[in-house]
Each structure stands twice: as structure tokens, then as C-alpha cells.
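Enquirer: Let me give you the structure first, and then I'll get to my questions.
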Amino acid sequence: MMPSSQRPSPRGSRQSPSPDQRGRIAFAILATLVVAVLLLTLFSHAPSGQPLGYSTFIHDVQAKQVRTAVLNNTTGQITGSLTNGTAYSVTGPLPYTSSELSTLSKAHVQVSYITPGPGIASTIIEYVIFFGIFIGIWVYLTRRTQGSVNGIMSVGRSRAKTYTTERPKTTFDDVAGYQGVKGEVKEVVDFLRDPSRFSQLGARIPKGILLVGPPGTGKTLLARAVAGEAGVPFMSVSGSDFMEMFVGVGAARVRDLFQTARRQSPSIIFIDEIDSIGRKRGTGLGGGHDEREQTLNQMLSEMDGFDPAEGIVVMAATNRPDILDPALLRPGRFDRQIVVPLPDLPERLAILQVHTRGKRLAPDVDLEVMAKGTPGMSGADLANLVNEAALNAVRRGATDIAMADFDSARDRIIMGQRREATILSDEEKERVAFHEGGHAVLAYVLDYSDPVHKVTILPTGMALGVTQQLPERDRHLYPREYIEDTLVVRMGGRVAELLVYGDLSTGAANDLQGNTELARRMVREWGMSERLGPMAWGSQNVVFLGEDLLHSAEYSDRTARLVDEEVERILREQEERATELLRQHLPGLIAVAHALLERETISGEEVGRLVDEAAGHPIHPDGKRVLPIAKLPEYAELEQFTVTNGNNHAASHDDTDPVS
């Protein structure tokens, strides 16, 4: 896949030299003239006759062997003839002294003087320098003028890059997993390659395909794979490339892009981050016209307007489909909206296999185990994981990548980089140990919480300590028990400090913030409040101009007060649960805290062993409870929701930093 270049001119046609070539030719001619003049000057001033030393010349004068002497007042050169007729030349000092002239006069030498003006060589040099400077200034100003004119005239031209399939860099084989997504995209590619197979049944090619999904899931990679396999011109452009400081530039670039695509039809246009120009239309902050709207209107007209584009497929990618204009999403423009979700376990394994291809792996590396331990990671996260593992192997001087490198890379991505320079006092380290121990103990004893993977009191990322949990499987639906246990685990650090020290620190700031947001979503969005019942008001997203700026509250002040009361009730109930559980397992909390103070980092298995030994019996003799089948929701069409940030990343409690 290479950027297309200009077509070669017909054989035998003469092409005018480019400005750079003309500049090089002029420089070569000027340099040749300068060298010629210098050589001419050198040879024109070469002395003639037998060269003599100045002392020898004075001796010959005193011996009356010199007949004539011509003195050059400019160069100090003396030429003439001896009494025997031999010509000579000598260079004397300037100015000539009276004693020297008296010596010549006493010897009866015929003396004459010359004061030559500037020679032809000097004149040529002066003219060459003058005209060289003039030509240089003229060329510079000409180029500046042409650049300004070209810049102004080309401001409305599209910045799309056109690719051919002579050397495809990315194919569908490089896109691991996502068989359903690749099937949807391959159908469009097959249509462009062989449209007759579809037109026999009256099928028409989709005009637009919108790739929707979280960041890093491979939407742009799919587009590059289409460019590598389509066999038709593929034009790639970013949504931000349409916008410029001049009014009307965005619409002009849209027109130019589609005109170029029509000339090369059938073709594919890919617009990355289309939400930068496709945002919902509405009144701006000052009531004025938005340049983005003009660009969007031109895009709508080109895709399916009075003069629709035929033989052109528009692909676009975004992770914000909720803010796109409805007119852009209707059938006839973007006929298909393909969701590119976070990869599941088999897809994560396939992605890891693709990114480890060509890398030297140690025998102990098990990619399936690593795929199970990375739920919620996108394809970009997994690529970064493999690269971090390779860098870790290089840092320790190994010749291959071991499983320990992958574990270290995963911890670095989820928990953050360890801060070697941060040194805690003994009192701070002990408080952090009990704080993280509270998280870890509750995560172990609760039935529905995610298992503990690792606990550390080493300053990592922005935190002073981290308790890392890894889900046992990919979750697509979250029961109420899981959400409540998540609230209890987050309360563990705060409650542990209260039980051990009798007071609080700033370490629980992130815990409280996350719990408050989660409890508010339970009440506002998921209908998990008996007092408010089955009502939902949506999340409090960022305000977008022209859409949410003038919206009023969706509920009354009384309802808002009820929401706050229910959020407070949920948080206090889960805090009481956390307090009761930690009082029951206080010996286990002390054992875990002492282990952290001794070794600084312990595994989830060691946390379970310490808690079981302190309790005198296994807390989970048959393993952790899972959600019974009978309690699963009966309606498959229930909308999936997520607990935090819309994804299923491994949880980590990194909230013991006072900065938070």
C-alpha cells in the first residue's frame, strides 16, 4: 500500500524543469563563471621574465647591470631588462623609499612608473557578484510569492491520501478475531471487486459503513486492511483535516474529496474520527453560524443529496456515536453501523498471537493464561502489553521474553509505574498496609467480588499502594450483588483505618469518589432504588454546545433530594457491611498488613491463605460463589451496562495518595 503518485508523462514528451532543478542549473552556471574569472585573474597577474630576489636586484643595480626598471605603484612589482638584454621581474616593498630610488638614479637605470586601474578580471568579478546577489534575491522572492499564491489557492483542496494495492501493508490476516466485523467489511470489498455478482439480484452497494467502538479496538486497523485488500483507490482523511481558519474551507475540501473519488470510481473514502465534523447541529454559544455545520451539510449532500455519488463507499470511525447528527446516520448515508467491541477471550488470544509473531518467547510463556488475565483490554492495550514485555526483557539483559516479563508489563499497565524515588515513613507505610489490607481481605471474603491478584504498598503510578483485582471471566451483565460487593471492597481501606487507628486519612478520596458515582448510577440509571422505583434519567455527561446547554433538569427538586438520600443510604449500608466483615476478620487483616510490611508485595493466593489461617477454617471451601443461572435476567434484549467507565478493566484500588 503506497501513496499514489502522478502519472508519468507520455514517452517522448518534454517536461519543463522544476523550480529546484532550475535553481541547481543557475547555481552551476554561476559557479562556473566564478571559477573561470578566478583562473583568468590568476594567470593574468603571473609575472613574466627571469624572477630575481630583491637583494639580488639591488646588487645588480649597484653593479650597473640593470638597464631599465618599470615600477608598479599598485603591486610593488618591478620589471625590466638587464644590460645583456635578459628580462627580469622582482617584487619590491611598497612604498619605494628615497634611498632605493637614489640607488637606481646613480646607476643610470631608466626608471618609469605605472599605476594600473582595475583589470578585466576584477571588473568581471564585481559584475558576477552583483548579478549573483540580484538573481538570488529575485529567485527567493519568486518562490515566496508562488508559495503564498499556491497556499491560498490550495486551501480548499482535500488533504486525503490515496493508496493503491501494489504493496498492501495490512490485510485481513493482520486483524485477529472479529470474524463478524470482518465479514461485514469483506462484503463491501467483494462488491467493489465483482459488482456483477450482486447486481444480478438487484442488490446495491452500501453507501456508508460506520465503525463504532471504544478506543483501541482496531477500527482504523480494519480500514487499513480494506485499503490493502480492496483493489480500488482508497482515500484516507481525518475529520480534523476538513477544518481550517478560513470560512468555507471545510465544505470546499469535502467537495474536492468527492470529486477526486468520482474520477477514480469505484473507490473508498475513509474518514477517521468523523465526530469532529459530524456532531449534532444546533445553535452555537453566541447564536452564530458554525463552520462545522457547513462542512457537515456539504458531507450530507455529497453522500445522498440531489446529485449522489455513485460507486463511492464512505467508511468512517468514531468512539462517540451518541453525538453524531441523525441525518448522518440514516440509511442511504451510513447504511451499516458495525460495532467493534472489546475483544473476548478467544479474540485476545488471537491478538496476542499476532503481536508476538516474530518475537523470541521463552518456553514458559503461556499466551492463553495471559489472555485470561487481561479482561477488558483492547487490541491497542494488548499490543502495548507485548511491547512493554519486550522492553522489560531488554532491560534485564535477557535473550527472550519470559512469562515474568508479561506479568510485569501487565502490572505496569494496570497499576502504573513504580516510583523508586518516593520513600514513605514507617508510620505512613503501616497505614498504607492496613488500608490495602482492608481492600484485599474484603475482596477475598465476599462472594461476588473479583478475586485479588496482587497487593503492594510500593508507590506505584499516582498511588502509594494498590490492590489489584482480576475478573475470573468476561462480564457482559452486572447483578446487583456484584455492584454492592464492589462498593464494600472500595470501603475496605477507609473502614480498616477507622478500626485500627480510630481516625481517617486522605487516602480514601478516590474510593469515596468512585463509590459515590457508582451509587448514583444505581439510583439514576439502573432503577436499583425501592423509593424511586423503575425510573432512569441518564448519566450526567459533558455538555455539548447546541444540545445540552439549554436543557433544564429532568426531575424536580424533590426527586433530586430523594436521589441524594438514596445514594447516601446505599453508601452507609455498604460501609456498615464492610465494618462488620472486617471486625469478623480483624486477625486476617492484621496478618495481611504484617505480610505487606515485611515483603511489600504479596499475591492474591497468599492473601487467601493468611485470612483462612487467621479464621481457623477456609472461608470458601468450595471456591467463590458465582451467579446462579436462575438469577440471570430473563430478557436477552436488556441493554448491557458497565460499572465504571464503560469497560471491564481489571479493578485496582490506587487511592492512598493524598494528592487524590
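Positions of Cβ are set from backbone N, Cα and C atoms, glycine also.
Since the structure is predicted, the reported quantities are computational estimates derived from the model, not experimental observations.
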Enquirer: What does Swiss-Prot list, out of Asp325, Asp335, Asp344, Asp511, as binding the same Zn(2+) as His435, His439?
Expert: Asp511
Enquirer: Give me the non-local Cβ neighbours of Lys219 (ATP binding site): same chain, 6+ apart in sequence, Cβ-Cβ under 8 Å, ordered along the sequence.
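Expert: Within the chain, Lys219 (ATP binding site) has Cβ neighbours under 8 Å at Leu211, Val212, Gly213, Ala317, Asn319, Val340.
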Enquirer: Just going by other Cβ atoms within 10 Å, which of the binding-site residues Thr217, Thr220 has the emptiest spot?
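Expert: The binding-site residues Thr217, Thr220 were compared, and Thr220 has the fewest Cβ atoms within 10 Å.
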Enquirer: Need one number: mean pLDDT over the topological domain 'Extracellular' (46-118).
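Expert: A mean pLDDT of 73 is what the predicted model shows over the topological domain 'Extracellular' (46-118).
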Enquirer: Specify the nearest of the recorded positions His435, Glu436, His439, Asp511 to Thr217 (ATP binding site), where nearness means the distance between Cα atoms.
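Expert: Nearest listed residue in space: Asp511.
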Enquirer: Going by C-alpha distance, which of the binding-site residues Pro214, Gly216, Gly218, Thr220, Asp511 is nearest to Glu436 (active site)?
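Expert: Considering only the listed binding-site residues, the nearest one is Asp511.
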Enquirer: Three-state secondary structure of Asp511 (Zn(2+) binding site) from DSSP?
Expert: helix
Enquirer: Tell me the Cα distance separating Gly216 (ATP binding site) from Asp511 (Zn(2+) binding site), rounded to the nearest angstrom.
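Expert: Their Cα atoms are separated by 27 Å.
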